[in-house]
Amino acid sequence: MLSILWNLAAFIIALGVLITVHEFGHFWVARRCGVRVERFSIGFGKALWRRTDRYGTEYVIALIPLGGYVKMLDERAEPVAPELRRHAFNNKTVGQRAAIIAAGPVANFIFAIFAYWLVFIIGVPGVRPVIGEITPNSIAAQAQIAPGTELKAVDGIETPDWDAVRLQLVSKIGDQQTTVSVAPFGSDQRQDKTLDLRHWAFEPDKQDPVSSLGIRPRGPQIEPVLSEVQANSAASKAGLQAGDRIVKVDGQPLTQWMKFVTFVRDNPGKPLALEIERQGSALSLTLTPDTKSVNGKAEGFAGVVPKIIPLPEEYKTIRQYGPFSAILEATDKTWQLMKLTVSMLGKLITGDVKLNNLSGPISIAQGAGMSAEFGVIYYLMFLALISVNLGIINLFPLPVLDGGHLLFLAIEKLKGGPVSERVQDFSYRIGSILLVLLMGLALFNDFSRL
């Protein structure tokens, strides 16, 4: 319950910030163009708070925080007094109206740059993309990429950490192949390797793009050495102690902790013959895992904690810049996200990305809560990502979105007169139906993931 409330709070804050930014873009440019703004509302429905400024603009925070709007004086909506007609939106030039409409998405892009600027000034921790293991017969194995090498670039784009690698790999969905530059860790002697992506079975909502290629990042090492044995557990009853190294299980040599976990999990209530090393001496013990029900299935449980060797400092990175350099980095990062978003939307349309990858408010709320738990840096990066998505989606040429209004203005400019109200009304209805269908699909996908 607490996690749901946390996710909801983080989601509402994120939505409030991004909607305010978007609508403020419309509001600010409208004011600059001499348009009278009658209402600036965050949310829909019953007003929870309102005030009116000296220009006659009413500011509202409403009950349902799923959007917002800026209401401008417009003769098409209601009669306007003669002395105020020059302040009506419909009486402004095509260029001014286009600027007002485009200002919302542009404000979202500027906010993303600002958020990343803060992130890069604070400093972004990361891990150098050094490969720990390669899965046999995987795409990475077929490209002859070796463990211990570092991924320096993907298709010529530098990848200083794993997040950068993931961002570039996601953009390759639907492509036939991609080229990665690798080098031994600590060296810059690069080699180019070609990844064959024709049979890349990657689903963004379920998998990590790196692991789906058969690459396991170098991380903290988990040794088959016990750091803790829980009291009254199966391991304690078997005589295991902290510091014991497990050498063999049922006669099979053990070099990886996960292999021991698999043995225990798959043998509930069954004796396992262990050979261990304790303070230089070899011992033989018998472990009978306790039985626990997990999702209706019996699994073994030993009650031990392994020894974890932290990642060495030379594998860690921090991207931190001065105020001016941070602007350049933030702009570049935002541009990369914009290109990725457009690419992914295009691949949704062409079918290269499945429609079940479309996410709705529930997935966004979960992302908001998770990023907020990790800290302010990750929450800012989440806000930047959603802000870019909001800006791009609003530029789609659907009549109910900013992009649709811009399309009508472009037609008006070309033909020398506005699109007829009949055509506009029909287009709005079609656009509304399409938008509702997309939202319904996104919600269906959200619920199917729960």
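A Cβ is built for glycine as well, from the same backbone N, Cα and C atoms used for every other residue.
Model, not experiment: these values are computed from the prediction.
Per Swiss-Prot, the topological domain holding VAL294 carries a different name from the one holding LEU414, which places them across the membrane from each other. With pairs at least 6 apart in sequence, the transmembrane segment (430-450) and the transmembrane segment (1-21) have fewer than 3 Cβ pairs within the 8 Å limit; the two do not touch. A simple way to gauge crowding: the CB of GLU23 (active site) has 20 other CB atoms within 10 angstroms, across all the protein chains here. Only residues 6 or more beyond the boundaries of the transmembrane segment (376-396), in the same chain, are considered here, and those with a CB under 8 A from a CB of the stretch are 10, 14, 17-18, 21-22, 102, 104-109, 111-112, 115-116, 118-119, 122-125, 333-334, 337-338, 341-342, 345, 364, 367-368, 402-404, 406. Per DSSP, the secondary structure of the topological domain 'Periplasmic' (22-103) breaks down as 30 helix, 31 strand, 21 coil. Cβ neighbours within 10 Å of HIS22 (Zn(2+) binding site), excluding its own Cβ and spanning all shown chains: 26.
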